[in-house]
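TrEMBL has this to say about the protein:
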BINDING   67, 84, 163, 164, 165, 184, 280, 281, 282, 297  iminosuccinate binding site
BINDING   131, 254, 344  [4Fe-4S] cluster binding site
Ligand code: SF4
């Protein structure tokens with residue numbers, strides 16, 4: 001555990017781009033859109049039985065994926081649970097399933113569509129389940145940045161790397177420019193691969209994962225990283241800063257993990273002596289430095305499984321998962337790192353009424369909320385995803 005004492009200061013958060021949930025419509029982006037469904041009432045006492053009956057009627061024709069951050073009422077119907085990467089692989093491994101019902105967010109369903117066959121349909125039970133981080137990098141903005149790198153004569157030395165949590169458009173851009181997708185589990189391997197091919201990395205869209213991996217796992221200095229702000233001319237950077245940088249970080253963040261602060265860590269250490277602080281690498285750099293352990297969602301699950309009985313853990317990730325882990329390990333003291341509630345509001349859009357509606361529509365022969373990626377984008381995004389799967 002290290003509390004950061006240098007003169008470096010954590011950048012102020014990027015404004016969240018989501019529409020007010022359930023209001024307005026912007027189907028071309030991750031932003032919230034209206035759900036077109038005639039949804040059952042949340043108070044319907046028969047919802048569980050209806051979901052069971054619809055799933056049974058569909059049988060092997062449907063495969064339900066559940067992200068770790070989903071609600072309990074939804075996760076109980078998942079055929080498999082996991083993080084975004086594991087779920088994409090699970091979808092790809094089910095060529096016989098006609099329908100993939102993705103209980104997660106929009107970019108995950110896009111990745112599933114890219115990785116599954118043309119005969120398969122990917123369904124997102126609520127189109128308002130987007131991701132504010134993915135929405136912070138829009139293709140036009142990223143192309144503007146790349147044009148700037150080209151004008152400065154540095155584009156040939158830059159390798160783009162995008163986090164899985166990005167739109168298919170961004171993955172397509174990265175694939176078109178010989179880059180790679182990464183996850184929070186393999187970010188170091190992806191950066192190592194990228195630095196073997198170029199002098200700089202352009203990291204999208206999560207500044208925190210990029211900075212934490214470069215500095216804490218790859219040995220770079222904070223001064224080697226610059227922050228490209230798409231809302232400022234030239235990203236708010238001088239040509240010299242861009243030429244000197246090793247890591248050009250996109251100014252994006254997760255609105256859930258970005259909420260944890262150094263004060264959260266200090267407060268829990270005072271309140272619970274001996275507590276282990278375990279956080280996700282999407283957290284701010286000062287929080288990750290002050291933690292005892294950092295790792296992906298799958299890492300967090302395994303670390304808590306392996307922890308000795310009686311140990312205390314303050315976990316900095318999404319609340320649905322932390323709650324489930326606390327219930328699964330009653331012999332350990334597992335708590336949320338912050339005192340305030342911190343669900344992923346867009347993940348929570350997928351609730352039991354939306355799942356019931358989606359499954360019953362499929363039973364009736366209609367495909368609701370199908371997520372499709374256009375063939376050209378899918379082709380290039382697939383190249384960046386395949387490159388990730390081939391990482392040494
Ligand atoms: S937890 Fe963060 S990165 Fe994940 S879907 Fe929610 S906003 Fe996006």
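Cβ coordinates come from backbone N, Cα and C, glycine included.
Just so you know, TrEMBL annotations are computer predictions that nobody has curated.
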So which binding-site residues out of 67, 163, 254, 280, 344 are up against ligand 1, CB under 6 A? 254, 344
Sort out the sequence-distant neighbours of residue 165 (iminosuccinate binding site) for me: same chain, 6+ apart, CB within less than 8 Å of its CB, listed by position. 84, 107, 131, 133, 134, 205, 206, 254
Integer Å distance between the CA atoms belonging to residue 344 ([4Fe-4S] cluster binding site) and residue 67 (iminosuccinate binding site): 12
Other than 131, 254, 344, which residues of the chain come within 8 Å of the [4Fe-4S] cluster site, judged by Cβ distance to the Cβ centroid of those residues? 69, 105, 132, 133, 134, 165, 255, 256, 257, 318, 346, 347
Row residue 67 (iminosuccinate binding site), column other C-beta within 10 angstroms, all chains, value 27
Sequence-distant neighbours of residue 163 (iminosuccinate binding site) in its chain (C-beta under 8 A, six or more apart): 133, 181, 182, 183, 184, 187, 203, 204, 205, 206, 209, 210
Whole-number Å value for how far residue 280 (iminosuccinate binding site) lies from residue 344 ([4Fe-4S] cluster binding site) (Cα to Cα): 14
For iminosuccinate, with binding residues 67, 84, 163, 164, 165, 184, 280, 281, 282, 297 per the record, max Cα distance (Å, no decimals) returned as 18
For residue 131 ([4Fe-4S] cluster binding site), the number of other Cβ atoms found within 10 Å of its own Cβ: 26
Ordered by sequence, the long-range same-chain Cβ contacts of residue 282 (iminosuccinate binding site) under 8 Å (at least 6 apart) are 133, 184, 206, 208, 209, 253, 254, 256, 257, 258
Cβ contacts of residue 280 (iminosuccinate binding site) (under 8 Å, same chain, 6 or more positions away): 184, 257, 294, 295, 296, 297, 300, 316, 317
Take the Cβ of residue 254 ([4Fe-4S] cluster binding site) and count every other Cβ within 10 Å, whichever protein chain it belongs to. 24
